[in-house]
Amino acid sequence: MDTKIGSLDACKPANNAVCCPSNGSVCTIQNSVPSTVVTSSEATLGRHLARRLVQIGITDVFSVPGDFNLTLLDHLIAEPGLNNIGCCNELNAGYAADGYARSRGVGACVVTFTVGGLSVLNAIAGAYSENLPLICIVGGPNSNDYGTNRILHHTIGLPDFSQELRCFQTVTCFQAVVNNLEDAHELIDTAISTALKESKPVYISIGCNLPGIPHPTFSRDPVPFSLSPKVSNPHGLEAAVEAAAQFLNKAVKPVLVGGPKLRVAKGCDAFVELADACGYALSVMPSAKGLVPEHHPHFIGTYWGAVSTSFCAEIVESADSYLFAGPIFNDYSSVGYSLLLKREKAIIVQPDRVTIGNGPTFGCVLMKDFLQALSKRVNKNTTAYENYHRIFVPEGHPLKSEPKEALRVNILFQHIQKMLSGQTAVIAETGDSWFNCQKLKLPKGCGYEFQMQYGSIGWSVGATLGYAQAVPEKRVIACIGDGSFQVTAQDISTMIRCGQKTIIFLINNGGYTIEVEIHDGPYNVIKNWNYTALVDAIHNGEGKCWTTKVRCEEELIEAIGTATGDKKDSLCFIEVIAHKDDTSKELLEWGSRVSAANSRPPNPQ
C-alpha cells in the first residue's frame, strides 16, 4: 500500500525530536492536489524542477550564480513560493542547505559546473555523513557540447566533462545528468524521490540550454510523489521482538541510549514510546542530542564515555543490559575507542536491523516497528533510573565572578542556558562548543543541531543561515569559535540580507582550541580579527544588525539584555573575549583520548 508524504504542518515536532515527524514520514510534500494543465511558457524543465521543489516542502534554495546556471535560476525564481537565497560562496550554500534540511526535512542548493560543484562538494559530503536529503543542482554544459571533444571553461581543460560527476558519485545516492529533454522528467523525479527515500543527497546536472525550452512532458503540474513505505518482515519482526524482550526482561538494571540514526529511521517517537513503557533510564549519544525530549521524566543526560554528563556514564556502563537505538560508534563518539561497553550486554537497533548481544541478528526489521512492538512486550523496570536518582548530585554553579573579572566560558554558557525556550534553537560549531553545548538542558520544543560525524569546521555559519531560514518563528543561538568563523564568515552578509534575527556568540580565544587539545603546535594559533568591526563592515548600514564585544560578566548580561530586548528583531553578533586556555574539562579529557587513538603505532608486520 502506498502512502502520501505528510504535509509540513504534520512535520512540526511536538518535542525536541527535530525532523522526526509524529507520523514517521519524511517532511516533504506540502499538498496533494490534482494535476492541472500549465501554459506552454511554463511547461519547461526549469519550471518543472521548481514546482517539484515547492511540492516537497522547499520554499528557499541556496545558490551562487554562474554562467551555466543563470537561465535555470530565472525559471526557479519565477515559481511562486520559491525564494532564491544568494550565498557568498558555494561551500556556504551547501552548508545552508544542510541546516535547512535538518529543520524542514529536505534542502536544495544551486551552483555552476565544476568550479561551483567541486566547491560545494565538501558540504554535500557532510550531508551524506549525517543522512540528510539534499538536492544539489548544477548548471551544466550546453547539451550540444557533450561528445564533441571540445574543451570548456570551468573545467580542468579536458574534453571529458565527467570529472564533476565522478566526484559526486561517492557522496550522493543518485546522480542525474540531464542533457536532453526526452528523459529529463524521469531523471529529475527519480533523483528527488531517491533523496527522500534514502535520506541522502542527490546530484542533478542540467544542461544550460535546456531550462527554458517547453516540452510535452512538462505540460501538467507534477502529480505529488507517492512513495511506497519500507515495511518490516513480519516474521523477522516478531522473532526480534521476542528475543529482545527475553533479553531485557531478565536484566536487573537495563538502560536505553538514543543514537543519531533515530532521525533517518523516523524512530524518535517510537523510542520515546518505549521509554514511557519500560521505565528504564534514558540517555542519548552526543550526536543524538535534540532528537529525544530532555524533559522526559527518566532522562539522565548524554552518554559520551569519559566525557558524559554527570552520573550518566556510571549508570550506562554499570547496566547489565543496554539498548542502543541508531548508534554510530566512531573514534569521536567513543572518545578514542574508550567506551566501557560489552557487546554481549547490548541490543543494537539500526534503521533496518537488530542485533542482540553477540547474536543473533534480525534483518528487514525497521527500527520504528521494532521499538513500538517492543514497548508492548517489556516489563517495567525503573532500577537504573532509581540508581541514578540515588547517586545524582546537582551540578554546582561556576565560581561567582569578581566585579569586572575576565569572562570565563562556563559563565557564558550559564547565561546561554537561561536564554533557551521552545522558541529557540541551538547550533553548536565543531570545537569546544560541542562540549559546552552538550551540557545545556533543552526545554521542550528547543531545537539543537551540530555536525559530529563529519566535523567540518566552519559548518555552523552556513547551517545557521539555512536553519534560521527554514524556521523563522524560532530564534537561533549559534555558538561559534573564532577559528571556525574565519573559514565561512562571509555569509553573515546573507543572514542580514534575509532579515534573520539570529544571536551569534563568537568565542574569541585566539586559535583552534579543539586541535590544541588533540595535538598542539604553532599552526593552531590564528591571526586575530576585529570580528565586530568585520561584521559592521559587512552590515554597511543595510538591514538590521547589532554587534558588541564583551570581556566580563557585567558586559555579557547587558549584551544579552539588548539582544533579547531592543534588538530582538536584529541579527545580534556578540564577540566574547576568552582566555586561550579557557576550555571545558570535557574537551581536555576527550582531546587526550583522541590523541592517544590517533597516535597508535603501526601494528607489527
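Including glycine, each Cβ sits where the backbone N, Cα and C put it.
Where the annotation comes from TrEMBL, it is an automatic prediction and has not been curated.
Taken from TrEMBL as is:
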DOMAIN    44-149  domain 'Thiamine pyrophosphate enzyme N-terminal TPP-binding'
DOMAIN    241-364  domain 'Thiamine pyrophosphate enzyme central'
DOMAIN    451-576  domain 'Thiamine pyrophosphate enzyme TPP-binding'
BINDING   ASP482, ASN509, GLY511  Mg(2+) binding site
*Over the domain 'Thiamine pyrophosphate enzyme central' (241-364), work out the mean pLDDT and round it to an integer.*
97
*List the same-chain residues at least 6 positions away in sequence whose Cβ sits under 8 Å from the Cβ of ASN509 (Mg(2+) binding site), in sequence order, or say none.*
GLY481, ASP482, ALA578, HIS579, LYS580, ASP582
_Under 8 Å between C-beta atoms and at least six apart in sequence, can you list the same-chain neighbours of GLY511 (Mg(2+) binding site), or say none if there are none?_
ASP482, GLY483, ASN524, VAL525, ILE526, LYS580
*Give the sequence-ordered set of same-chain residues, not counting ASP482, ASN509, GLY511, with Cβ within 8 Å of the centre of the Cβ atoms defining the Mg(2+) site.*
GLY481, GLY483, ILE507, ASN508, GLY510, TYR512, THR513, ILE526, ALA578, LYS580
_Please count the residues of the domain 'Thiamine pyrophosphate enzyme N-terminal TPP-binding' (44-149) that DSSP assigns to helix (H, G, I), strand (E, B) and coil._
50 helix, 22 strand, 34 coil
